[in-house]
Amino acid sequence: MSVGVSTSTPLLPASDTDVVTSAFSLVDYVVFALLLVLSLAIGLYHAFRGWGRHTVGQLLMADRKMGCLPVALSLLATFQSAVAILGVPSEIYRFGTQYWFLGCCYFLGLVIPAHVFIPVFYRLHLTSAYEYLELRFNKAVRICGTVTFIFQMVIYMGVVLYAPSLALNAVTGFDLWLSVLTLGIVCTIYTALGGLKAVIWTDVFQTLVMFLGQLVVIIVGSTRVGGLGNAWEVASQHGRISGIELNPDPFVRHTFWTLAFGGVFMMLSLYGVNQAQVQRYLSSRTEKAAILSCYAVFPCQQVVLCMSCLIGLVMFAYYQKYPMSTQQAQAAPDQFVLYFVMDLLKGLPGLPGLFVACLFSGSLSTISSAFNSLATVTMEDLIRPWFPQFSEVQAIMLSRILAFGYGLLCLGMAYISSQMGPVLQAALSIFGMVGGPLLGLFCLGMFFPCANPPVSDRLAPQSFTGGAIVGLLAGLVMAFWIGIGSIVTKMAFGVAPSPSNISSFSLPSNLTTVAMTTLMPSTTHSRPTGLQRFYSLSYLWYSAHNSTTVIVVGLIVSWLTGGMRGRTLNPRTISPVFSRLVDLLPLSCQKRFHCKSYSQDLSVDTPAFPEKMSNGMLKNSRDKEAMAVPEEGSAHQGSSPTFILQETSL
């Protein structure tokens, strides 16, 4: 199936003799191999350094001694994957610079986690972010959150692993599944053996490779088109430089409000409550270092976004000056960038290999983070609570086995990803659909003390009618309702040509009609109305819509089931920002929220689970008694009190 459009100044395909063929030289393969070898070497160095003396805390949390800079670069690398390196320039090339306004959401998307989520997580001395859900609600909510996260990351891993392998196969003929296996195996080995410290330091190296690879393309490309100023001018002449689109309609794919504010919720789901990021915050030496690392990501993200967008502009200007080959014109959108790079850098040995290394660096950093975080939550949330008798050696071995197991699962998910459409919107949609409900669940716990866990009584000891779980389930149902409804609606209405941003191209056979119509931005022959229009909600609003659903449904169910009346609530599970917000309300409202109680001793730095040491092992009974949470009225003895709410009101 093909989708064809023509621009105002159509590009004339070159003859078939100009088809781009494999341009990889021996030097390029050496550069690419060096990336894999050095990544593996860094990981194995940290794995074998002190072999036999490792603890679970070192393996899963880097002993909580990481500095600000490596944590910041690792935070950046975790979700700056090949998905973005391939997808963003293609987005700019096809639709113009509107996507660039996504940078407006970065500041709030990082400031809010720094001052809302990090203080709570860090002061509770958590290992898994979902331990918080047990502290705030109960074990059932914790398990639901963990399972949801595992589902989210397993799907995302497949997309990230498949994307660079597809690109490499398209332009060099390198075997697709051989590259998938190579990437997956290398990543699995150093992640399973080296743990979080190995992941963070390989992330630092891979981030530098990503910067260098993109910078080379911008420099060489701008030279070929007469400079960045000329590239901007060419793009402007063809209507690719977008103004500020202030249309508030959430069903328009990209507007200023969608990117700047809908994107904030997407950022919060990534940098606020996602275990892959939270685990890095918690590995910092101090809370201040964790907050600074969050701030340090902001300028780095802006630079990365600008570089990706500039590549898209240079690519557009380049193909206005030089004709496309037939093979390039028929490429899928996610292959545009690699074809451009191979065309641009041919005759410059080593540089094509550097950019491919850049792509694989993005995938390695993201996949390794996913493996490590998945192994951590599985160990801490699903295994250790039921088998606390594990020795240190057994726990380390099991953690490594889990990382290996998720590596094998990732390879299976890569095949499923091969059936998906353009990877940028696919990945962001997955995070919005599944990450949004998780964001709503954490916000429900931190900002609404009346939200309750599943209610149990004599008649229904295992009842799931509490606000937390019902809210989460409602958010997930809403997320998949919109997603599946979008598929059905677009199939029913058919797909019209995309906006006139590119020359004709055809989708390869491995992109099914369903996936293409679901994930590719497009317009329809007839505009849907009513419920069908609801299914065309912009993917950047998924997180906002689904998290709001969790909060609203959770509050309603909590109110109907009696709120937290008669139940204990640890005040340290309420965000310190909550009391400041409530201070803005009238005094009568403040009393109903009991805000004065929640703000007590939030800065006390003691573990949430006193039976756990920082390395994850159980303390002896004497240590447990010494660190036991004191009764109400003894908050100044070293821990925040747990108290009973006498009245709870929405």
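Even glycines carry a Cβ here, placed using N, Cα and C.
For reference, TrEMBL has these:
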type     : residues : note
REGION   : 622-642  : region 'Disordered'
TRANSMEM : 29-48    : transmembrane segment
TRANSMEM : 68-88    : transmembrane segment
TRANSMEM : 100-122  : transmembrane segment
TRANSMEM : 143-164  : transmembrane segment
TRANSMEM : 208-227  : transmembrane segment
TRANSMEM : 255-273  : transmembrane segment
TRANSMEM : 294-319  : transmembrane segment
TRANSMEM : 351-374  : transmembrane segment
TRANSMEM : 395-416  : transmembrane segment
TRANSMEM : 428-451  : transmembrane segment
TRANSMEM : 463-484  : transmembrane segment
TRANSMEM : 539-562  : transmembrane segment
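At the 8 Å Cβ cutoff, the transmembrane segment (395-416) and the transmembrane segment (143-164) share at least 3 close pairs (sequence separation 6 or more) and count as touching.
Using a Cβ-Cβ cut-off under 8 Å and counting only residues 6 or more beyond its ends in the same chain, the transmembrane segment (29-48) has close neighbours at 182, 186-187, 189-191, 193-195, 197-199, 201-202, 205-206, 209, 350, 353-354, 356-357, 360-361, 364. Long-range contacts of the transmembrane segment (539-562) within the same chain, counting only residues at least 6 positions beyond its ends with a Cβ under 8 Å from a Cβ of the stretch, are 250, 253-254, 258-259, 261-266, 268-269, 425, 428-429, 431-433, 435-437, 439-441, 443-444, 448, 450-452, 455, 465-468, 470-472, 474-476, 478-479, 482, 648, 650. Only pairs six or more apart in sequence are counted, and the transmembrane segment (463-484) with the transmembrane segment (143-164) gives three or more Cβ pairs under 8 Å, enough to call it a contact. Panel annotation: around the transmembrane segment (351-374), residues 23-25, 27-32, 34-36, 39, 60, 74, 77-86, 150, 153-154, 156-157, 160-161, 163-164, 167-168, 172, 183-184, 186-188, 190-192, 195-196, 199, 202-203, 205-207, 209-210, 212-214, 216-217, 220, 274-276, 279, 338, 341-342, 345, 402-403, 406-407, 410 of the same chain, lying at least six beyond its termini, place a Cβ under 8 Å from a Cβ of the stretch.
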